[in-house]
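Each remark here refers to the structure printed beneath this line.
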Amino acid sequence: MVNKVVDEVQRLVSAIILTSFMTGLFILSLWKNYVTVHFQHKNDPRDTRSSRTKIQPNDKKKKRPARHSRPLSISSTTPLDLQRDQENNIEYDRTVTSKLSMTSNASLSENGDGNANIKMETNVNQAPYAAENPFQNIALAEDTKLVPDLKYYYKEYGIDIEEFEVETDDGFIIDLWHFKSRLNDGVEEVKREPILLLHGLLQSCGAFASSGRKSLAYFLYESGFDVWLGNNRCGLNAKWNMKKLGNDHSKKWDWDMHQMVQYDLKALINYVLDSTGYAKLSLVAHSQGTTQGFMGLVNGEKLYASDFKLVDKLENFVALAPAVYPGPLLDEKAFVRLMAKGIDSPWYFGRRSFIPLMMTMRKLMVGTKIFSFLSYIMFNYLFDWNDVLWDRVLRDRNFLFSPVHISVKLMQWWLSPLPNKLSFKKGAEKIFPDKKTWFPIAKNDDDSGNNLDNNKLHLNPKRQNSEEFPHIIMFIPKQDRLVDGERLINHFINHEANAVYKIWYIDEYSHLDVLWAHDVIDRIGKPMIENLRFPNAR
């Protein structure tokens, strides 16, 4: 009885503190937006710093990266400026979007008008596949009505979204969505390779699809893949099997990254494989989703029982803005430091849902321009991300599918400073030891010059060749200071076989640009599908 009283008092106190906290954040976000719009005019307002880590290739690799380019496309008249380092398997994307394009985009941002016409530089007659698309700008042809339901938009493209509920082994019911053509009139579709998309922190899988015909989800479907969109536990609508939880309501929020890797990822993958009849699938993940993927691959020997090993279920693992090591922003931002100091106290954040006020506001306001605008300015204030590279007419749509329910315990896993807790911020090197080999192969088919035989191994036993591990494809934004992508690059180029991975390092992208940039199809979508590995030709 006493514990229940204390719990209710903590909930009340934390509600008061968090309401004040969010009010202060809201005011600061509005003020920053006002100052930026009216007093700080910049052609390129982005934070162009990278993390503090420098990329350090193995000393034995002497060749300088070779420069090459790809032509302009339907989404941009700026040819891609690429620098290829074959020894380290890295493509350096040095492309800089023209100032004229960014200036016209910035003016739209300042006006806050998500429906304004963008001043176009694109000449579709110059694009190599201009005849394939009748629109000079696909984004301008999109429906700008704000509806928090992907099915509304995708019906316009001739795609149905099937919704499934998948139950995890520990009793959580998670949502899984599936693209299915509405135009085949009952004719069986050609068998497609399954691809599962997994979202980042405080997002749903709608983030992969909210840009409509300019989204990665749509592009993958149109490219011939069987697209599944996975959500983690609780998500937009929290659901549980209380019988499996022993009717213990405290267990509803007693979970963190470990349970998401052990149960959510396993349940989603098994459901897709059982539904499609394939033995393996490709996993495309963003941010937190990449943390789940890498944890399951690197530490699967410890996390999974013998009936499931993630490393044996994936043909490809595509990591967008991978969150493996913490970036400098976690220490630089006062708001994040303050949150980290209080995250372990139930008097500040409670013990259940993380800042439930966010979901209350979403329930009341989602589908309005003001909700999407406030979501954007808060992201902008907290992380210095902006919409310079996004299609402005789609910006409001992109915020329709966040935030989502997460647990306080999950945020403790991300931010806790306590020495007795293993957190991403303080213990990433223990979860992902960067001086050990994660994917060891007995037959070294690495031609990069690395002497991997002398490296210490982590948990995965040696396999005969790189084909027995998933093919790992990473797109790392240089301007992403939330995570340390450069440290992850250093790990792979110095401690993993060249044949296991492929990296793109994109100079002008930030954390969310890998999903929503106007040219994301050219800079991520196309190279992704060109490098996916399949045992049998499709």
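Placement of Cβ uses the backbone N, Cα and C atoms for every residue, glycine included.
Since this is a predicted model, take the numbers as computed values, not measurements.
In Swiss-Prot this protein carries:
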type	residues	note
TOPO_DOM	1-11	topological domain 'Cytoplasmic'
TOPO_DOM	33-538	topological domain 'Lumenal'
MOD_RES	SER73	phosphoserine
MOD_RES	SER107	phosphoserine
ACT_SITE	SER287	active site, nucleophile
ACT_SITE	ASP480	active site, charge relay system
ACT_SITE	HIS511	active site, charge relay system
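Same-chain neighbours of the topological domain 'Cytoplasmic' (1-11): 346-347, 350-352, counting only residues six or more beyond its ends whose CB sits under 8 Å from a CB of the stretch. Between the CA atoms of HIS511 (active site, charge relay system) and the residue listed as 'active site, nucleophile' there is a gap of 8 Å.
Between the CA atoms of SER287 (active site, nucleophile) and ASP480 (active site, charge relay system) there is a gap of 11 Å. Secondary structure by DSSP for the topological domain 'Cytoplasmic' (1-11): 10 helix, 0 strand, 1 coil.
For the residue listed as 'active site, nucleophile', other Cβ atoms within 10 Å of its Cβ number 26. According to DSSP, HIS511 (active site, charge relay system) is assigned to coil rather than to any helix or strand.
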